[in-house]
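A.B. asks: According to Swiss-Prot, the record shows the following:
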type: BINDING; residues: His47, Ser68, Tyr139, Ala140, Asn141, Ser156, His226, Pro227, Glu228, Thr243; note: iminosuccinate binding site
type: BINDING; residues: Cys113, Cys200, Cys297; note: [4Fe-4S] cluster binding site
Amino acid sequence: MSVMFDPDTAIYPFPPKPTPLSIDEKAYYREKIKRLLKERNAVMVAHYYTDPEIQQLAEETGGCISDSLEMARFGAKHPASTLLVAGVRFMGETAKILSPEKTILMPTLQAECSLDLGCPVEEFNAFCDAHPDRTVVVYANTSAAVKARADWVVTSSIAVELIDHLDSLGEKIIWAPDKHLGRYVQKQTGADILCWQGACIVHDEFKTQALTRLQEEYPDAAILVHPESPQAIVDMADAVGSTSQLIAAAKTLPHQRLIVATDRGIFYKMQQAVPDKELLEAPTAGEGATCRSCAHCPWMAMNGLQAIAEALEQEGSNHEVHVDERLRERALVPLNRMLEFAATLRG
């Protein structure tokens, strides 16, 4: 019998909320970061779920704001010798795996991910050992050690296409760690998938009753849903997709009002894409319920201006990402497979 870590019973150590900065402090750190980026030959790579002021700074300094797949592509191809990764720890690890010659800095190395935390490598290895006939596909939201055990790494933007491809080859699949995304992909492809039972603490909190009430209040609104959400939420969607796919859907849908079921950090780029449309947050708490994340990842919120300035100024172990070389080489194989497969989709 396989060992299975139970994320539902795990207690994730949420970080304290960052201390708000004054307007003057923000201006000071913004200018300091711009100067340090030039001095360090560094570029910012920020995820859609970071705070708007972080995304804006990445834009202004020639950096990248994107989903995890494009973050990986951008960082590997950019000529900068240092990458400042504003996101969570697995994103910094992925950057180091793909660009070992570069210095990878993060505002904090304590920025976790509930999907990563919910898939400890020892338990996952035991799970895989119990099913040796299955191809192991892991989501990008995993540690370097879990990636090293995988045959494939995948992001939500290409998950359906990859699993459909593997299914066409007759392969049976282990999917980890997100149970909701795994269920969505299985439903879309009909593939034989055995799912690990992890979940994103942000998307797992969306509630159908509260979303139904909001839909009744705004009957002309389209509902956009990330597939890390529970199936009942996905079933209510007019569009389902990764962060980049949801932004694209916001542009193509005719609706002038959009209810968005993903981390509210996406609103910065989505509003740029559809400046004339109204964006509404999908509710994360139902009747008598409270939210822990409240539609914003608490670890993404750790990527503040002060922490970014400190990362660029203070070289060393507090901010620099390191990955064991043997582990890196093993994790690079499924990551490269992902990038090569994604390239075939782009034509």
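The backbone N, Cα and C atoms fix where each Cβ goes, and this holds for glycine too.
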A.B. asks: So which binding-site residues are near Cys200 ([4Fe-4S] cluster binding site), with CA atoms within 10 Å, out of His47, Tyr139, His226, Glu228?
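C.D. replies: Neighbours among binding-site residues, in sequence order: Glu228.
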A.B. asks: When you look at His47, Ser68, Tyr139, Ala140, Asn141, Ser156, His226, Pro227, Glu228, Thr243, which the record names as binding iminosuccinate, what is the longest CA to CA distance in angstrom?
C.D. replies: 17
A.B. asks: My understanding is the cutoff is Cβ-Cβ under 8 Å with a sequence separation of 6 or more in the same chain; which residues meet that for Tyr139 (iminosuccinate binding site)?
C.D. replies: Leu115, Val153, Val154, Thr155, Ser156, Ala159, Trp175, Ala176, Pro177, Asp178, Leu181
A.B. asks: Compile a sequence-ordered list of residues in the same chain as Asn141 (iminosuccinate binding site), six or more apart from it, whose Cβ lies below 8 A from its Cβ; state 'none' when nothing qualifies.
C.D. replies: Ser68, Phe90, Cys113, Leu115, Asp116, Pro177, Asp178, Cys200
A.B. asks: In terms of DSSP three-state secondary structure, what is the assignment for Asn141 (iminosuccinate binding site)?
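C.D. replies: In three-state terms, Asn141 (iminosuccinate binding site) counts as coil.
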A.B. asks: Around Cys200 ([4Fe-4S] cluster binding site), how many other CB atoms lie within 10 A of its CB?
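C.D. replies: A count of 25.
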A.B. asks: In whole Å, note down how far the CA of His47 (iminosuccinate binding site) lies from the CA of Cys297 ([4Fe-4S] cluster binding site).
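C.D. replies: The separation of the Cα atoms works out to 12 Å.
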A.B. asks: Are there any residues at least 6 positions away along the chain from His47 (iminosuccinate binding site) with a Cβ closer than 8 Å to its Cβ? List them or say none.
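C.D. replies: Listed in sequence order, they are Ile65, Ser66, Asp67, Ser68, Met71, Ala86, Gly87, Val88, Met91, Gly265, Met300.
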A.B. asks: Tell me, by DSSP, whether His47 (iminosuccinate binding site) is helix, strand or coil?
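C.D. replies: It is in a strand.
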A.B. asks: State the count of C-beta atoms found within 10 angstroms of the C-beta of Glu228 (iminosuccinate binding site), not counting that atom itself.
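C.D. replies: That number is 28.
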A.B. asks: Which residues in the same chain, at least 6 apart in sequence, have a Cβ under 8 Å from the Cβ of His226 (iminosuccinate binding site)?
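C.D. replies: Non-local contacts for His226 (iminosuccinate binding site): Ser156, His203, Val240, Gly241, Ser242, Thr243, Leu246, Ala261, Thr262.
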A.B. asks: I want to verify one value. Collapsing DSSP to three states, which class is Glu228 (iminosuccinate binding site)?
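C.D. replies: Glu228 (iminosuccinate binding site) sits in coil per DSSP, no helix or strand.
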